[in-house]
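Asks: Take a look at the following structure, please.
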C-alpha cells in the first residue's frame, strides 16, 4: 500500500479573497515524489504555512499562463535558489507559459544555481517522474477547453504486484536480498531458478489516478481524458444559473463538474477554482448543486488536506 497526500494551497479563481487565494495544489506520495499543480500568487507563503519547503518540489505543472495560475512561479524559483537548491526542477506547461517563465528569469538576471528542465506540452503527452521504486508515478496531460491554450493533468500511480508471504512459504522461499532485485527488475535468480513478481503475488498491477482540469469549459476531449480517474479536481467557477457566463469565459459550473465526475467513473469530486463572488457560506450553493448529480462531492477550501491510502 501507499499514501497520497493532497493539500489545497489556494482554491480561488482570478480575483483572490482573504479566504480563497489563487489556485495551487500540492500532491505528495509515499515514494517521496512532490508535484505542485499551478502556482498562483503567494504560493510560497502557502507552502510555508503547511510546513513544506519549496525545495522539496520535484515537478511544477502549470495549466496555462493566466496570472492566477502562474504569477507565483518567479518568486518560488527565487526562493528555491536562496535555499541553495541543487537538484533539477521539471516544469511542464504550454509554450506560452514556458516563454513567460524564461523571460521573467532573464529580466531579473537570476542565476538560480540549479537546472530547470522545461517540458513543452504542445499536445497530449506523458512524463515519467523518476524515483527508483517498483511503484511508478507518471503525469499525463491533454489540452483543456479554455479561452487560451491550457492543459488538464492526470497523476497516475502504477503499483507493482505485492508479494504474498503465504505464497513464499508455499514455494519454500525465504526473504532475502533477492527481493530488492525482484521489485526493481520484476524478476530475480533465487536458488537456481528465475522467480517473477507474478509468481509470488496474489494480485496483479494496480493503477490509481488524480485528475486536475485546470480552467476548462465542458468538452468531449476533456471528458474523455478524465475517464477512469479516481479523484477529480474540477473547475467549478460558477453555479449553473451562470452557465452562459462560465462558457463564454472558458470555465465550468459546479453542475458541469458533477456531470464529468459521473461519466468519468470518479470516486470523489473536489470542486475547485471558486469565484470570489461566492463569499463564505454562499459557496455551499456550488456544493448543493453538484451533490444532486454526484453525491460524493466536497467543496475545496484553502488549507484543505486529503490523505488516501491505496
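Note: Cβ is positioned from N, Cα and C throughout, glycine not excepted.
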Asks: Same Zn(2+) 2 site as 68, 69, 273 according to Swiss-Prot: which of 5, 128, 135, 215?
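Replies: It is 215, as the record lists it for that site.
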Asks: Distance between residue 64 (Zn(2+) 1 binding site) and residue 273 (Zn(2+) 2 binding site) at the Cα atoms, whole Å?
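Replies: Cα to Cα, residue 64 (Zn(2+) 1 binding site) and residue 273 (Zn(2+) 2 binding site) are separated by 14 Å.
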Asks: When you measure from the Cβ of residue 146 (Zn(2+) 1 binding site), which residues in the chain that are at least 6 apart have a Cβ under 8 Å away?
Replies: 64, 214, 215, 216, 217, 250, 251
Asks: So which other residues, same chain and not among 68, 69, 215, 273, have a Cβ within 8 Å of the centroid of the Cβ atoms at the Zn(2+) 2 site?
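Replies: Sorted by sequence, the hits are 13, 14, 22, 23, 38, 40, 63, 64, 66, 214, 235.
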Asks: Near residue 66 (Zn(2+) 1 binding site), how many other Cβ atoms are within 10 Å of its Cβ?
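Replies: I count 23 other Cβ atoms within 10 Å of it.
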